[in-house]
Structure formats: structure tokens, C-alpha cells
Amino acid sequence: MKFTKMHGLGNDFVLIEDREEKLNLTPKQISHICHRHLGVGADGLILIQPSNKCAVKMVFYNQDGSRAAMCGNGVRCFAKYVYDHGIVQETCFSIETRAGKTNVKIIEQKNADTIVQVNMGKVDYNPSNIPMNIDKKDALDEVVYINNQEIVFSSVLVGVPHSIIEVDHLETYPVERIGRTLENHPLFPEKTNVNFIEIVNRKEVRGVTWERGVGLTLACGTGACAIAAVLKEKRRIDSPVRVHLPGGTLEINFAGEHILMTGPAEEVFTGNLS
Ligand SMILES: N[C@@H](CCC[C@H](N)C(=O)O)C(=O)O
């Protein structure tokens, strides 16, 4: 089975063409392929399938084999792959995902990277859609206690559930412990991704993401959009905002209620799975 390894700001993926939709990979096989020692090594696995609604369909799995509706860095890699391999010929096209139709634009080739802009759609603030077990109109500035420590967080849906926690110092904050605990908190029946942020100024934010089904990653595209959306809602930033992540920077713009995410995608190597 042929595969291509790609990444977007260090958030890395194994891409496999499944044009006949016959690949029935089990969660165990997916986590084996993504395993850093026993497999290719990746944060997620992406299948490229045909679509009768859009130009092409992206099926996304996390490193642990769980399915996710959307992946921001993954969709940029996917867009680069289908464009470079002639599966689509246009520079602007639509991709079917479990979160709906996503429009992408191949912007430019910059050294090894292709810069891709993705219309990530509207952010959903309704807790029942996140989903979250609270009876409120939004989940901004909620409080939980983890080991008697008060944690203030906001949650939204950007195709997948995201929670945002503002901290004083990203470098010293216990991101793994709090991330894992909030990911699995009973408030979130389908778990949550957790983003820790420090606001630099009205145009720049630093962040790190604990991803559902993965753990700490070098970047998270949907996470960067969730961070920008929550901070804009609270009038703490202005569009466009640059979200600096351990693997690099994403630019997030607002076009009305839609979020535009711009960033790189790079192919690393190809191979065959035994
Ligand atoms: N890395 C992604 C998000 C992937 C899905 C996430 N782990 C989930 O389960 O919701 C991104 O770049 O958006």
C-alpha cells in the first residue's frame, strides 16, 4: 500500500489514496501506522476518496485510530496532495469532510511549502453542538476544578470541539496534565481538544494544543481558528491575527462570519506499507 507523509507546521499525517473506498482500516491498524516507533509515525491518517458532492473527499483519523470530522493542518496537506497529483486541476476547489463542504485555495509555492488558504466556515458556539453537557447559550468563560485548581475555559466547535485556556506562562503551565484531564472531562461526551494560549498583542497570540486522540502536537489548525474566534468574540484581538504555535505560524482572517486559515503544507516522503 502506497502512502505519502506530509505535514503542516509539524502536525504530520500519512495520506493514502482510497479511490475505490475499499480500504477498511481498523483503529488498531491506523494507530499502528501512526506509531512513532512501530509504524511510519504521524499525528493522523488521511484517506483520499472520491466525492459526489465536492471535487474530492477527505476522511480523517487521529493517531489513536479515532475518526475526527475535520483537521485544519490536514486539510491543507490534503489540498496540496490532490492538486500536486492531478486529482484536481483547479487552484480553488471544494473538499467533502465529515464537518461539511470546505473550500480551499492553493495560493503559492514557497520553497518546499505550498501555501494554502482554507475557508473553515462558521464557528458554532452552541454547547449542544460542541457537544457539551451544559444548558447555556454558549460556553464562554466556564469554570472547572482540576485537583482543586480553578480552570477558566471557553469551548466552541470548529468542525471539531475545542476548549481554550488563557495562561500566564505557556512554558511553565502543566499543559499535559490539564490537557489530558479536560479532554476526558464528563462535560464533553465526545471529548475535547484543549488549547493553551498567551495573548502577545491584538494581532498575535501564542498557543499550544493538546489534541483529542493524539496528545501534544506542534500545531493545530482548527485550534488556531478556535483561539482566534473566541478572542474576537471577547474583543481581545483584531483580524487578521497571527497564531504562533510550536511548529510555526498560522494567519487567521475573518470574512464576515467565516474564518479563513492560511498556512503551509509540505510533502516529506513517500513509501510502501508492508
Ligand atoms: N490537528 C488537527 C485536528 C485533528 C482532529 C483533532 N485531534 C480531533 O480529534 O478533534 C488540526 O490541525 O485541526
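Note: Cβ is positioned from N, Cα and C throughout, glycine not excepted.
For the substrate site, TrEMBL records Asn11, Asn62, Gly72, Asn73, Glu211, Arg212, Gly221, Thr222, and the single candidate of Asn184, Asn193, Asn195 listed with them is Asn193. Put simply, Cys220 (active site, proton acceptor) is 9 Å from Asn193 (substrate binding site) when counted between their Cα atoms. Cα-Cα distance from Gly72 (substrate binding site) to Cys220 (active site, proton acceptor): 7 Å (rounded to the nearest whole number). The Cβ centroid of Asn11, Asn62, Gly72, Asn73, Asn193, Glu211, Arg212, Gly221, Thr222 marks the substrate site; residues of that chain outside this set whose Cβ lies within 8 Å of it are Asp43, Gly44, Ala68, Cys71, Gly74, Val160, Thr209, Val214, Thr217, Cys220, Gly223, given in sequence order. Reported as a whole number, the C-alpha separation between Arg212 (substrate binding site) and Cys220 (active site, proton acceptor) equals 11 Å.
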